[in-house]
């Protein structure tokens, strides 16, 4: 019996955070035995916001090395760089022709990013969700791991796929309609200084973010200064409505140690101050990240191995993507290349 197909991507823009790890990359490693996984470093998506060429080049290699360091196995999964598979851009253009302007203008992420990058609101940023739809539909993905900020994009991908199928192949659909995959993760990884906001790798205030490759001393320092509250006496309790800062730290501690929230509350019952708890959270995060960092540095220095991973991944992805694109071109009426 064939495994369900999963597609997920990571952007090579900015340093990846522990939020990227706990919310996505750790699940990538865990899903490999039960799913047919297609994992992509989405450099085409990255340039919807202006990038320094040298920085993008290095960030793409960094992201690939991190994927390998967290346990993505190229023998189990297809790991590739998006721009190495031209079918993504080809199908993306075609799907533009089956997407309505009104649909794209309603995308909340476009509204947010266009406000942030007001001096560079380009067509690529507007059409970002269409390329994402192409990423998904090329591989017949049954499930797509998505966070709250990407749910709307997945819904659009479903709408585009359904529209195309109804026009050209209602009896024998070309595109699989993808479903969201909701990861089972305890941690809602929020900003360290304002736990009402999601931790973002692009946050201008670096005190809010812990990156995957962060120095251990810096991790400890940031956790020590993280938001808590002024409740007297101090109380370690998982309560997002009233204790967001503590709940955020509990989520990180749970993710790093495997302890439940109930176990954490019991362990720190009757604390006189938050300092010892923060110390334990920082040390747990360091212990979680140190082996990943060591493996990352080993892989990053082996460019020959990374080249081979990219080459094999692109070959595997292209073979599957080309099959889908051929079917699409045929039903649309394109003349095949002799």
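In case you wondered, yes, glycine gets a Cβ from its N, Cα and C as well.
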- request: Could you check which of 3-11, 12-20 is flagged in Swiss-Prot as motif ''HIGH' region'?
  value: 12-20
Given ranges 198-202, 203-207, 208-212, the stretch to which Swiss-Prot attaches the annotation motif ''KMSKS' region': 198-202
Field: DSSP-derived helix, strand and coil totals, residue by residue, for the motif ''KMSKS' region' (198-202)
entry: 0 helix, 1 strand, 4 coil
- prompt: Average pLDDT across the motif ''HIGH' region' (12-20)?
  reply: 87
Message: At a 10 A cut-off on CB-CB distances, which of the binding-site residues 11, 13, 135, 199 has the highest count?
response: 135
Alpha-carbon distance [residue 135 (L-tryptophan binding site); residue 20 (ATP binding site)] in Å: 19
